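Per TrEMBL, these features apply:
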DOMAIN    A:74-270  domain 'ABC transmembrane type-1'
TRANSMEM  A:23-54  transmembrane segment
TRANSMEM  A:74-100  transmembrane segment
TRANSMEM  A:112-134  transmembrane segment
TRANSMEM  A:146-163  transmembrane segment
TRANSMEM  A:195-216  transmembrane segment
TRANSMEM  A:252-273  transmembrane segment
Amino acid sequence: MTVATATVTGPARTRRSRPASNLTAASGLGLGVAVLWLSILVLIPLIAVVVAALEGGVGTFWAALTDPQTFAALRLTVLEALGVTALNVVVGTLIAWVLVRDEFPGKRVLDVVIDIPFALPTIVAGLVLLSLYGPASPVGINLVNTQQGIFLALAFVTLPFVVRTVQPVLLELDVDAEEAAASLGAGRLTTFRRIILPSLLPAITAGASLAFARAISEFGSLVLISGNTPYETEVASLKILKFIEGDNQAQAAAVATLLLLVAVVVIVALDLISRRVARRG
Amino acid sequence: MADQNRTRTQRGPVTLVLRFVVIAYVFVLVIWPVSVVVQRTFAPLNGQEGGFGAFVARLSDPAVVYAFSLTGTITFWAVLINTVFGVGVSLLLVRYRFPGRRVLSVLVDLPMSVSPVVVGLALVLAYSTGSGWFGESLASIGINVIFSTPGLIMATAFISLPFVIREVVPVLEEIGTESEQAALSLGASGWQTFWRITLPSIRSAVLYGVVLSIARALGEFGAVKIVSQGAAFNGETATLLIQNRYGNFDESTAYAAAFVLVVAAVLAIVVVNLIRKPEGST
């Protein structure tokens with residue numbers, strides 16, 4: 001422990017003279033511990049995935065992804081995620097709108113219910129959907145092992161993202177501009193398209209990115225509902241599980257690397273969006 | 001605020017249609033399915049008896065008790081680690097400037113969008129005894145990560161890593177450093193300043209993050225599935241139990257365990273709303 005203290009605070013002390021850093025001895029030690037833990041928990045394991053994927057060379061990596069069955073799973077995942085993101089952009093914005101601008105009894109309950117898919121364990125989410133839309137459905141709809149079933153599960157787990165990013169922006173939005181537009185003869189649709197939509201756009205984009213990332217990587221809620229039939233209802237995350245269970249770690253790592261790449265792109269994009277919004281004030 | 005909203009609302013047919021569409025969507029997607037699960041938990045199912053007594057009996061099955069206590073242990077350690085780590089990293093990110101700060105802030109957000117299956121695979125590739133990078137050396141000093149509790153804790157900690165940080169960082173940014181500076185100039189040590197000034201002002205943000213982390217940790221499934229043996233009395237957490245029982249035609253127990261997790265999730269949402277509400281009204 002004392003050795004670690006010396007090695008970590010050493011560079012921090014020398015850096016203190018530079019304006020780039022204002023770390024003290026204690027905070028330098030804290031940073032060292034934090035980076036060490038983050039490396040053990042997140043960084044090294046994720047690097048291990050990328051290394052395992054590229055161990056056999058880029059050719060093997062590419063071959064793993066373009067294997068017809070894997071490619072079909074990837075295509076289905078991306079298409080489902082895009083569809084569900086589009087749905088969320090429209091319905092999520094709508095829900096946020098109703099929650100902010102409308103008043104009716106039970107609105108508070110609706111507001112709380114939006115969080116349920118976020119807090120519910122994913123396997124329970126799958127079970128919940130199966131109980132109404134599964135084999136013993138009281139309404140006679142059985143979506144097990146169908147692409148609609150996957151879509152339903154993804155719509156369930158991604159419900160809160162757009163709502164929760166758009167809602168606070170809508171709350172803060174100044175109504176003066178809307179009223180001015182309306183008083184100048186703009187219709188509701190024009191006011192929405194020209195005044196409201198532009199201010200909501202960064203929030204909608206952020207929510208949509210989160211929803212897309214979640215849909216691409218979703219696993220738990222799909223385990224029970226997707227029958228996992230190759231070429232038809234097999235998604236990327238379930239494909240990875242199949243590879244791991246078949247002791248095929250290189251191919252599992254190849255698909256995982258692709259999912260990881262999407263995750264990194266989304267996180268960096270969100271970082272850029274929030275920075276741009278912050279700069280505009 | 002509510003009054004302002006009311007005067008602003010134009011209750012035309014469009015408003016009513018939108019309201020109806022939104023309520024119908026949320027009802028069909030969330031409310032109805034959840035209520036069916038609640039109903040199935042207590043109704044007779046596949047010839048097995050229903051009612052509260054049967055529900056309690058299913059939950060007192062030793063395998064179920066084991067699963068929930070394992071989930072409890074994992075959640076406790078993962079959330080404890082994430083809370084200490086989260087508060088520390090938030091302080092570093094907001095109060096200090098150092099090279100690589102932005103990379104660190106992006107990195108702690110990463111677990112939000114990494115697939116749980118990828119998390120599981122990553123931990124296996126790094127730490128499994130058979131094929132992992134550090135598996136052999138850890139095994140030689142008697143530590144097994146994968147297929148044992150440390151691996152489950154790590155998987156859960158990974159998945160719920162950003163929650164505390166995401167709540168604490170904005171609050172730290174907002175409160176600024178004036179009180180801390182004042183305390184320091186009056187002779188308080190860094191530690192005293194943290195306990196007496198900083199911590200009380202971020203308390204509800206920390207609590208909020210902790211509740212979210214608990215909810216996420218209790219329900220973790222994908223990452224846990226890959227790093228766990230997943231058999232009864234051997235690494236079977238509550239969520240794995242639900243999958244196993246559902247697959248083994250013991251739906252009643254699956255529903256009973258799911259019901260407990262639904263209640264925990266709803267409780268977490270309610271607590272979060274209670275924490276958030278007083279802050280919003282001030």
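Here, residue 1 is simply the first one shown, and the rest follow in order.
Just so you know, glycine gets a Cβ as well, placed from its N, Cα and C.
Remote same-chain partners of the transmembrane segment (A:146-163), defined as residues 6 or more beyond its termini with a Cβ less than 8 Å from a stretch Cβ, comprise 76, 80-81, 83-85, 87-89, 91-93, 95-96, 99, 114-115, 117-118, 122, 125-126, 128-129, 133, 204, 207-208, 210-211, 214-215, 218, 221-222, 225-227, 232-233, 235. Counting only same-chain residues 6+ beyond the ends of the transmembrane segment (A:252-273), those with a CB under 8 A from a CB of the stretch are 46, 49-50, 52-54, 60-61, 64-65, 70, 73-74, 202, 205-206, 209-210, 212-213, 216-217, 236-237, 239-240, 243-244.
Counting only same-chain residues 6+ beyond the ends of the transmembrane segment (A:195-216), those with a CB under 8 A from a CB of the stretch are 77-78, 80-82, 84-85, 88-89, 92-93, 154, 157-158, 161-166, 168-170, 173, 177-178, 181, 186, 236, 259, 262-263, 266-267, 269-270, 273-274, 276-277.
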